[in-house]
Ligand code: UDP
């Protein structure tokens, strides 16, 4: 397994809420600009970069319960939300002169190509940012699992999960003041301790395929390079090993 400093190919997972801005819903112009700027600068650092977006700024299946729809259509709405985010981000990146390839897990040929591993590999080897949307294409999953799946498929050196908290904690740091952050933890311990930074399906997939996971704060990306973030153990949690 490579040292964090020598990572070349990254899969970045960004939750939809990064695009929501202060209104906490929809796509905020400033947040969109900022997120596209972050992706552009990671690409300019020289990494081969795949990005999986969430859709939580628009619709999450579980939050649509009041509509009294069944689970499958609720999750379809959630997955389609990630396509909307992808369309917006792809265009912003294009406007910035960044070459991209958007690939969807849900066939939507008038909008973008469908995901295949070959197309993803081709795009990454051509130096394009690969945008993976549509989640896994299946209900009952999350975009975290989609990120673990795509990271495994493209054989990423690391899955970088940019989130609200700056790492994996012994307990929820937003609720408990005495929560302590791990600098490093194994997948086994993360599962055993039921640390809920990612759902168990995504953790199991990463563990089986031995893809390291780095959990860090999205806020850091606004002021620091990925290279710096990865080389400083105080800036997140590295999950790896068995
Ligand atoms: N979703 C799904 N299958 C997938 C990925 C996502 O059904 O493979 C649906 C699910 O309803 C989820 C929504 O899409 O709530 C948006 O994804 P997620 O909640 O992971 O977005 P995030 O919280 O990362 O913004």
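Placed from the backbone N, Cα and C atoms, the Cβ positions cover glycine too.
Remember, TrEMBL labels are computer predictions, not curated facts.
What TrEMBL records for 8-217 is domain 'Aspartate/glutamate/uridylate kinase'.
The ATP binding site annotation in TrEMBL covers 13, 14, 15, 16, 56, 60, 163, 169, 172. According to its DSSP assignment, residue 172 (ATP binding site) is coil. Contacts of residue 172 (ATP binding site) defined by a Cβ separation under 8 A and a same-chain sequence distance of 6+ are given as 179, 196, in order along the sequence.
Taken residue by residue with DSSP, residue 140 (UMP binding site) is part of neither helix nor strand, so it is coil. Annotated UMP binding site per TrEMBL: 55, 75, 136, 137, 138, 139, 140, 141, 142, 143, in sequence order.
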Statement: One should report the C-alpha separation between residue 142 (UMP binding site) and residue 56 (ATP binding site), rounded to whole angstrom, as 10
Statement: Checking the binding-site residues 15, 136, 138, 142, 163 for other Cβ atoms within 10 Å of each Cβ, the smallest tally belongs to 138
- request: Whole-number Å only: compute the distance from the Cα of residue 15 (ATP binding site) to the Cα of residue 140 (UMP binding site).
  value: 17
Query: Which Cβ among the binding-site residues (55, 56) has the fewest C-beta neighbours inside 10 Å?
result: 56
